[in-house]
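Participant: Below are the structure tokens for one structure; questions will follow.
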Amino acid sequence: MALVAGLRAFGAKWPSWLRRSPWAPLSAGFCSPGSARPAGPESEPRLTSTRQQDGIRNIVLSNPRRRNALSLAMLKSLRSDILHEAESEDLKVIIISAEGPVFSSGHDLKELTGAQGRDYHTEVFQTCSEVMMLIRNHPVPIVAMVNGLATAAGCQLVASCDIAVASDKSSFATPGVNVGLFCSTPAVALGRAVPRKVALEMLFTGEPISAQEALRHGLISKVVPEEQLEEEATRIAKKIASLSRSVVALGKATFYKQLPQDLSTAYFLASQAMVDNLTLKDGQEGIEAFIQKRRPVWSH
């Protein structure tokens, strides 16, 4: 599966929950319907909070005093929250949001001084890249709910999500060039989300773009007033959660698989996926329900 390939590319070891039944229920140590995730015994600080209910997992970047910087500890917390029970049928969609007026300011520059050393710097950027790849390879859609500033790796996080809803007060930038650190890793996601010349202007100047500009260029999916942001992101998530997990997972994987291909190969892959979709229990259930003029009953 794509999630397997994504982790293997980084030499990651599989956590024990992926070696168990793929439909195992959520463990008590993470979250349960309507409950928040308790702090674990790990020595590393938990810089995210999570909550899951009705198939929707909310992951909140919870370090507003540090502008929700994607420090190594934050990245590890986020990675853990994304990976947890990724194959569980209880999970249909993930929303990533943040506390405070800044969605994320990107990497913590205090971790990037010469005193930290090359090995530490390598771990920071490899972990960040792994998180972005996990979002792409995850079987369920991941929605960014942005209220405020998203810069550098924070902008990269938004660009990496499948869907992004932002408040009209949000803005986006890749300002690393201003401090002598070009946003090369954010450019990977940004350059795949917006036109090349738009991406390069953002990268070369470091100047921010507004939420409306981000919408126009395709960095985000929708702009809403701040007071409607949570409602709109939740509405989208609930709609996704009401659908067949297996059908959506196949569709997401196929979309990203065909995207870099030439037209002929893309249609070949998509045609195969359509046939595979018809072999799914929910594929036949949906068609039969339509013919019988009733609501489909999804297996998960």
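Cβ coordinates come from backbone N, Cα and C, glycine included.
The transit peptide annotation in Swiss-Prot covers 1-66 and rests on sequence analysis. The region 'Disordered' feature in Swiss-Prot is assigned to 32-54. The N6-succinyllysine annotation in Swiss-Prot covers Lys110, and the record cites similarity to another entry as its basis.
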Participant: Report, as a single number, how many Cβ atoms besides its own are within 10 Å of the Cβ of Lys110 (N6-succinyllysine).
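Facilitator: I get 11 for this one.
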Participant: Can you tell me the three-state DSSP label for Lys110 (N6-succinyllysine)?
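Facilitator: For Lys110 (N6-succinyllysine) - judged by DSSP and reduced to three states - the answer is helix.
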